[in-house]
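Remarks on the structure that follows.
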Amino acid sequence: MSPSVAELLLQRLERTPPGPEGGLCSLEAAAALGLDHQTLVGAVKSLQALGEVIEAETRATTRWELSAEGEEVLRDGSPEVRLFRSVPSEGLPQSDAMKLPGAQVGFSKAMANKWLRLDKGAPGGPRIFRAVDAVQDVVQSSLRQVQEGNGGSLSERERTDLKRRKLLLEVTLKSYWIRKGSAFSTAVVRQETDLTPEMIATGSWRKLPFKAYNFSALGLPPTCGHLHPLLKVRSQLRQIFLEMGFTEMPTDNFVESSFWNFDALFQPQQHPARDQHDTFFLQDPAEAPELPANYMARVKKVHSQGGYGSQGYKYEWKVEEARKNLLRTHTTSASARALYHLARQGKFTPVKYFSIDRVFRNESLDATHLAEFHQVEGVVADRGLTLGHLMGTLQQFFTKLGISKLRFKPAYNPYTEPSMEVFSYHEGLKKWVEVGNSGVFRS
């Protein structure tokens, strides 16, 4: 069995003289063993965890390395020399010279070194000629010295110039100076990290070496502080609405009057949904203090006598029922308020509204029903809207949500006509499930 990296390091360290002067540089040791430096660093840290087997002191050294551009110059020569060699004895049009690779930098450097001259009055336009017979590529020679490990022989001015031209990089290397510890040994003894039931039962734990606790380790981050799945879905839905040009409606009133929750939406006062078995009514305050008088009169007339193409429900509409406070059963009450305020503006402006908030129902609790849940609401107000516009908007919304297989089924809502239920095909359940309700508001 071949020795491990840690064992190879200990064997090499054993041959070093004792005392503070003896030891190994991790960079030199990695090169001598033919290993990647990070692999050797891992072995050093493993040996440090064993106790006083070794001592490791962190050191930092700086060295110069060629950049990607520097590697190119080392291989092909500097831009100024390449341009000089590209200029024939009869000269070269400046426009052609500028098309060569690295010509911009090469031309300025060659002109500064007085290797080339520019004749602006030459026939056919400015022309470049050689000003000397031959040149030496000092930049390439300097980079070759760095590549061969002799970068220290370069002057500070030469290094600064190469660095400014982005041909040279100053790299800081972190390494370790490794020495023998007080408990040095070439044999690596495996330390136990877990106390198992078998060790306790057999008593073998008494003779086994255990790894000491590392109280400086960060440990695993605690699994807490995550967003609730409902908040994640809410954020996703909100982003989809905003991408489609919708504006969020204010929905900060969990307590709503029966007028806005039911009556303004053409829901009769004898409707089963308004019964205490389906709705949470408030005892204090039991009634809403104010309702818009003119609008309430129009709503009362439509319920009692009809209007706007409707026959009404033909019953005695009571303001006492409309004033009753409740926990809103849907956020469509917010849509009714928003449309009411839109109508009062005088000049009509097309709008798109949405809301995502809690609603409350006096439901029997089971696996699929809660007394409190979230409703996603969207409303579009414009002239000339049709059922096709509604279906297109729904298709766009659900497609952004990742639901593309949709079906629309005719339905009845008190406040919309026509109305549709929206179904999506569930790949897991292998059936169509209802995902929404929709319709065109009665005018």
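Cβ from N, Cα, C; glycine included.
Here Swiss-Prot flags T332, Q375, V376, E377, Y415, F441 as L-phenylalanine binding site, drawing on similarity to another entry. In this view, F441 (L-phenylalanine binding site) is surrounded by 18 other Cβ atoms within 10 Å of its Cβ, with every protein chain counted.
Feature annotation from Swiss-Prot assigns Mg(2+) binding site to E417. Proximity of E417 (Mg(2+) binding site) to non-local residues of its own chain (separation of 6 or more, Cβ distance below 8 Å) is seen for G439, V440, R442, given in sequence order.
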Say we define neighbours as other CB atoms within 10 Å of the CB. Which of the binding-site residues T332, V376, Y415 has the fewest? Y415
When you tally the Cβ atoms that lie within 10 Å of each candidate's Cβ, which of the binding-site residues (Q375, E377) has the highest tally? E377
Maximum Cα-Cα separation in Å among residues T332, Q375, V376, E377, Y415, F441, which the record lists as binding L-phenylalanine: 18
